[in-house]
Amino acid sequence: MILVGVGAVCSGGLLLLLLYWLPEWGVKSTCTHTTLKDAHTVLLRTTDEFRQWFRAKVHVMLAPGKKPFDSLASQPENQLPNGDGDLEFKCVVSPLSPSQVHYFVHHSTRYYWNDVIQNFELYKLFFGENEIAVRVPSLLKLLVKEVLNPFYIFQLFSIILWSFEDYYYYASAIVFMSIISIATSLYTIKKQYVMLHDMVAAHSVVRVSVCRGNKDIEQAMSTELVPGDVIVIPANGMIMPCDAVLFRGTCIVNESMLTGESVPVTKTSLPSAGEEGARSYNMDEHKKHTLYCGTHVIQTRFYAGELVKAVVVRTGFSTEKGQLVRSILYPKPTDFKLYHDAYLFLLCLVGVAGIGFIYTIVLSIMNKVPAKTIIIESLDIVTITVPPALPAAMTAGIVYAQRRLKRIGIFCISPQRINMCGQLNVVCFDKTGTLTEDGLDLWGIHRAEDGSFCSPESEAAKDSLVNTTFVACMATCHSLTKIEGELSGDPLDLKMFSATGWILEEPTEEETALHNPIMPTVVRPPKHIAPESHQSNPLTQSMELSELSACEIGIVRQFPFSSALQRMSVVVRRLGVKHMDAFLKGAPEVVASLCRQHTIPQTFTETLEDYTRQGFRVIALAHRQLESKLSWHKVQSLSRDVIETNMEFLGLIIMQNKIKPETAGVLCELQRANIRTLMVTGDNMLTAISVARDCGMVRPHEKVIIADAVPPKDFQPASITWHYTENQAQAVKDNEVRTTHYHFAVSGKAFAVILEYFPQLVQKLVLRATVFARMAPDQKTQLVEVLQSMDYTVGMCGDGANDCGALKRAHSGISLSELEASVASPFTSSTSNISCVPNLIREGRAALITSFCVFKFMALYSIIQFISVILLYSVLSNLGDFQFLFIDLIIILTIAFTMSLNPAWKELVWRRPPSSLISGQLLCSVLTQILTCLVFQVLAFLLVRQQSWYETWTPQSDACNVSRSIFSLRVNVTDPQNHKNIRNYENTSLFYISAFQYLAVAIVFSKGKPFRQPSYKNCKAKTVLSAIGAALTALRLLLPPQIVCVPHDWRVTLVIIMIGNAAASFLLEVRLRNTTPCLLAVIELLLKLQTLFSTLHVQVANDRWASSVLSWLFCRRHKAPRALYMQLALELQEGSEWPPQPSAVTYARNLGIICFLGKCSMCH
């Protein structure tokens, strides 16, 4: 610490700043190494690819008991952790002396020291307040954090240095710009914190009814809740302040805050009997019984006299909402190659500045310049070479792109990702609501009777079908509810129910309170009119159901749809009938597996395939009559496994999901632009393949291979069977399948098996897979991660429902939902179709090219000014304050901001813009322009000194030969001080040359087609360039301070030099762009000649010489592509065993896999 203090004093505080920017160095230099148990400070590093360092302070808290980490099982049996027992919590802990527990906080999460594992861990038995605290930092704290940014520290250093040189104008301008930039940044950050705080704080602290022990229900603040507390859900609903599992009653919940789906969902109580009731609670498995923090409970269903209750399972930042807020508060850094290369390029500029620094010191010492001047001028070289305005100029293009996106209805919350959109080479699309229309239309029904299909029917509301079991299933097997008198629920359920024409009636709160039995939801046909005495009360306490028509059906119990099970079911009772019935609805394959075999038509598979191939969404229905002895209360305790078995197959519902009009055109445009498109859906496999063909994702002549993987079972290893959707014999004969004209289709179940048992095949499969069906939300995220591991730049486009994880994980997530869940996606489109995707990619490419252009321009600006100053230092001169101000403000900043205004090109082209600054073409472009500017500046510098009129300039100098001119009179009268030797012929000549070099470089680097509109269409840029040119011409005529008069002939010479410089810069840049494709063609030709030499066995010596020379010259052409997916594609082109043959089976066991056709084989 003493050494650090001394170093901080000697360095003027720079050492402290360095330790602040580098936590690893800060901890190692101020702390001594010790064991984790005795540590007061811990050094943390992330395990991801960014490997960030964090510093955390260890705190101490007092915990009850000597062993606070012991299991709760060691406590008295009548004592529960939440206090639900005969003893109060204080009676248990009061005899025990408290012990010290060490912990630290990182990203709003506490990690506690555990003596058993000798490490810190996220322990679940220590709870703080149930609060998602988003602290809004004070302006002073934000200001200090912002000002300590390395960029502003460098600006402060530059301002202090310029003040010593009396460059007050330029220093004042930089101070003004910095104040505006800091104020804007503080306003934006503060606003984001306030918005997030308001979003989280709304309804986060409320009064709740809590049941603790055998006491009566008491009111408590939601911040006092801990896991284990039992809370009462009021009948009129509430905003959930925590994650809780429902164990009594039913709730209608709006989960749009988390899922992006505005459709209310039904949450049922946790199963209490059967196999499912015997399992331990799991957050993922029991989502349909879990109420999540931040979601809105709209209304509840309950028993008369009994309350709807739930047990708190997670609080604070551990909740789903807390994890979402934490991901917003602490996002992962943006990983993009452009930014890495930009830092490397800045290091190169720092190296150039170092050379200039040493040159200035040596030259000044040789000329016996005072020490103060040496220090100031040598440090000034650093501020010239590394431009302080670079970050602002780089941001301009992104800001303009963000504004253009907003005008076309695309909103961005992560502007840095706009550049990433320019590099997208694969886009994953959800199907329903994204590629196809959100709503479904009922195409028809296909009933089954006596084990065979009837003829398809287009309407289900016909009078002849009212009393059929099929229509009864359609009218009851759903999760619809009435909210404020309107039916609400899943769109598919709404379509299905409305197709029956039936009416749904729900019991009122008064009806529920008056009667002991459960008040069911009742559905009935529209033409049925119940007896007048029962209009308001369809069920009486004595259950006199026989008085009502048998057409009315009461829904006794509901098992909600489960994406894992792919089905839902209900238990109903037809009024006037003593027994109950179970109805089942779900995926056809799943429903068929739960039905008695003799009830399933023999043509079931063929019929289902026929519908799915046509792109229809097919839902199967089934029915079962339950035993008469089952009572109403007995049904409430049965598990769904008991109900959903031995069903009778009823038939199929065929829903039509139309492709959106824009889909096919957009996909075709993306494919022409060499951007791969994938479909990732939760729908049926064959339906997804059909939609992929209809929208052009899979072309008519291309083959589709279904990878059907099954896990190991009964001593049989995991296997993959490769099914061809076309005729197998034809597929074997077709040579196209051996080339590139094939696609894989994978189901979510098969994807999980392949990830676990066939890791060697994952990337090979994903490389050519186009359709992913029956994918769960977490599997969509896994797919995005696999694509990213193959060096793809991945885009994800979804409707916001079930896509949040993939949208957040992708390089560019595009949500078509404007709901609150869109906060998880970097981009949100107000248009509900995928036309936003090519628009976003076009703007991303334009922004990326703009970033390259601006960076190259700013780099050349630094080098040009560096050359000018170095040349002037050789004659002990420099640019003046006015000249720096004119160059940096009037020329550089205006050009940097206006050259970013070029809008995106009107169409997507086949090739993508470069992603790296460290590439041959870009480096050659920069280096050739640097050499050009150097040559012409040196030429002007040497030529001016060779002129006959040249002399060391003094206030009395009159090179213009205008003895009585206004300029001579003005000069002779003012006689300004020129102690810095700024006014001289070299200075004036280099100032004019360098000023026009900035304009020339800006025009040359303003790249247009094929990624941006041409510069001549940028009216603002043309206006600015014209204004700057006019200003330079005026300067030559008005001769302001720091500019001297030169003869007319020399002015003409300067103009000729400028024109030559501009022509050379333009020709070199154009030639470089046009030469690159030709050069590649020549390299290919030479490599073919080399191969020919080797084949013909020309003289061995000559052959070896030619091979070595060509390999040395063009060795880069032999290097494998950098992208992993390109390397894999080349390997598969050379192989002959991929793709597998039709009906081939690939087995996995231990370390190996083997593929056989028609035989079973395994390898170790």
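Glycine is treated like the rest: Cβ placed from N, Cα and C.
Record features, source TrEMBL:
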type	residues	note
DOMAIN	2-114	domain 'P5B-type ATPase N-terminal'
DOMAIN	207-328	domain 'P-type ATPase A'
TRANSMEM	6-22	transmembrane segment
TRANSMEM	170-189	transmembrane segment
TRANSMEM	342-361	transmembrane segment
TRANSMEM	381-401	transmembrane segment
TRANSMEM	852-876	transmembrane segment
TRANSMEM	882-901	transmembrane segment
TRANSMEM	922-944	transmembrane segment
TRANSMEM	989-1007	transmembrane segment
TRANSMEM	1019-1038	transmembrane segment
TRANSMEM	1050-1068	transmembrane segment
The domain 'P-type ATPase A' (207-328) - residue tally per DSSP class, helix then strand then coil: 27 helix, 44 strand, 51 coil
Stretch contact, the transmembrane segment (381-401) with the transmembrane segment (882-901), Cβ-Cβ under 8 Å, 3+ pairs: yes
Tertiary contacts of the transmembrane segment (922-944) (same chain, 6+ residues out, Cβ under 8 Å): 852, 856, 859-860, 863-864, 867-868, 871, 914, 916, 950, 985-986, 989-990, 993-994, 997, 1001, 1004-1005, 1050, 1053-1054, 1057, 1060-1061, 1064-1065, 1068-1069, 1072
Cβ contacts under 8 Å made by the transmembrane segment (1050-1068) with residues that lie 6+ beyond its boundaries: 928-929, 932-933, 936, 939-940, 943-944, 947, 949, 989, 992-993, 996-997, 999-1001, 1003-1004, 1036
Chain residues in Cβ proximity to the transmembrane segment (342-361) (below 8 Å; excluding those fewer than six residues from its ends, i.e. six or more beyond): 374, 377-379, 381-382, 384-386, 390, 394, 855, 859, 862-863, 866, 869-870, 873, 917-918
Distal contacts, the transmembrane segment (852-876) - CB-CB under 8 A, six or more residues away: 338, 342, 345, 349, 352-353, 356, 359-360, 363-364, 367, 369, 377, 380-381, 384-387, 389-390, 393-394, 396-397, 887, 892, 895-896, 899-900, 913-914, 917, 922, 925-926, 929-930, 933-934, 937-938, 941, 981, 984, 986-987, 990-991, 994, 997-998, 1001-1002, 1005-1007
Folded-back contacts onto the transmembrane segment (989-1007), same chain, C-beta under 8 angstroms, at least six residues removed: 849, 852-853, 856-857, 860-861, 864-865, 867-868, 871-872, 879, 883, 886-887, 891-892, 895, 899, 902, 925, 929, 933, 936-937, 940-941, 944, 1015, 1018, 1021, 1025, 1028-1029, 1032, 1036, 1043, 1046, 1050, 1054, 1057-1058, 1061-1062, 1065-1066, 1069
Averaged pLDDT score, the domain 'P-type ATPase A' (207-328): 78
